Amino acid sequence: MNLAAMLWEAYSPAGSTHREARSLAPRRVTPFTIDPLPADHRRGLIGVGVTSLISTISTGILFIVFTYRLIYWRKYHSTYIGYNQYIILIYNLLLADFQQAVGFLLALHWAITNRISADSHICFAQGWLLQIGDPSSGLFVLAIAVHTFAMVLMGRKLSHRWFITCVCCVWAFAALLTLIPTLRHGRQTYVPSGAWCWIDEVYDADRLWTHYVWIFVSEFGSVVLYTILFFHLRHQVAQSALLGRGQKEHLRRLRRVIGYMVLYPIAYLILSLPLAAGRMATARGNTLSVSYFCTAGAVIASSGFVDVVMYTLTRRALLMDSEPSNVDRFYSSQRIGHSHTTTVTAEHKQSRLDISILHRRQVTERDTRRDRDGSTDSIVQPIELGELGKVYQKTTIEITTEPAEENSTSPGSSVNEMRMPPPPRTWHRRLEE
């Protein structure tokens, strides 16, 4: 039966007689089989399948385009796009959304065959994909929130190697959450549960600790982090009158990047909460209808399509405003350069006084790119002293730096930016008495 015929039978008035005739057939409902499906159940699965089909196609296409541009990046970008950590996080979020969408797409198989059976390999595949897809989507949404939090409050980000290691660890953790119940209970782990195949209801502990806990941690952890960021930026805006014009521009760009990133946890919270709340209500002994679970399933199955739409609308601005030259510069411009010069005089002698400049140290901001935005020129000149015995003199100069204004012809360009002059040299002088 093709999809069009199935939709006609499920929703058209002409198919009502056929549905009534099939509903009179003996129904076998066991923990491992539902045959045939009730009419409302079947219609709900069709809705879930159609929604997930849209998400599967959209996330699959964007994932392929992403992969192509990561491989052949020289055709489209002057620098490797894989160094943009926001882009890599969204790339992995799309992969998680794709697995989740394919898992819900298998609901069309149950609607076509009009039965759900735990003996089918489709049941095991659906349970596995949903078990790894739901938590991994939430974990990468949380990773985006943590990354944004670190960038804003600390002005730092991981090196590329450590960042890729953390991404691999997220996937390893998601795979572990899927393997734990599967290895514990074997082939009968995934059975008809609610409206589709998932972990058996008798394994409530596995459901809670390998699935729901991490969904709720991702949802509310992201909300907490972005709430802190909101008040932090509000404080920054209140002090913006004290900032230079260049710093105000960087602050504006930073707020825009955070505005883009906050869309993903908001969407995840709205789309995943109905199904998670329904499952938790069932675990507490409440009874919810199959129609509720099908509706909640259709909502969460659309998360992949929603993420694709959000990325498509914000892609161009995200690529420009999330570059280190635009975001990190706001923090480096606020840092203070310290110059310390220590002058020590020796014992008084008849012929000469040896003056040695023992230590000169300059602390500069950490910058991962070649361009710099501040400079601390050598303004401490050698100090000539009289005949002093055992005198220690220390001069400390604090210099506040602010980046020069950008004078580029296109947003995000850093070609014409002011370059930092070379650091001051340190030399030793011997002064005659």
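Yeah, the Cβs are placed from backbone N, Cα and C, and that goes for glycine too.
Annotation source TrEMBL lists transmembrane segment at 45-68, 89-112, 137-155, 162-183, 212-233, 254-277, 289-313. Residues or ranges marked as domain 'G protein-coupled receptor GPR1/2/3 C-terminal' by TrEMBL: 249-317. Marked as region 'Disordered' by TrEMBL: 398-433. Per TrEMBL, compositional bias 'Polar residues' is recorded for 407-416.
Distant neighbours of the transmembrane segment (137-155): 85-86, 89-90, 92-93, 96-97, 100, 166-167, 170, 173-174, 214-215, 217-219, 221-222, 225-226, 228-229, 232-233, 254, 257-258, 261, 264-265, 268, 272, 303, 327-328, 330-332; these residues of the same chain sit at least 6 beyond its ends, with a Cβ under 8 Å from one of its Cβ atoms. If you average pLDDT over the domain 'G protein-coupled receptor GPR1/2/3 C-terminal' (249-317) in this model, you get 86.
Counting residue by residue with DSSP, the domain 'G protein-coupled receptor GPR1/2/3 C-terminal' (249-317) contains 61 helix, 0 strand, 8 coil.
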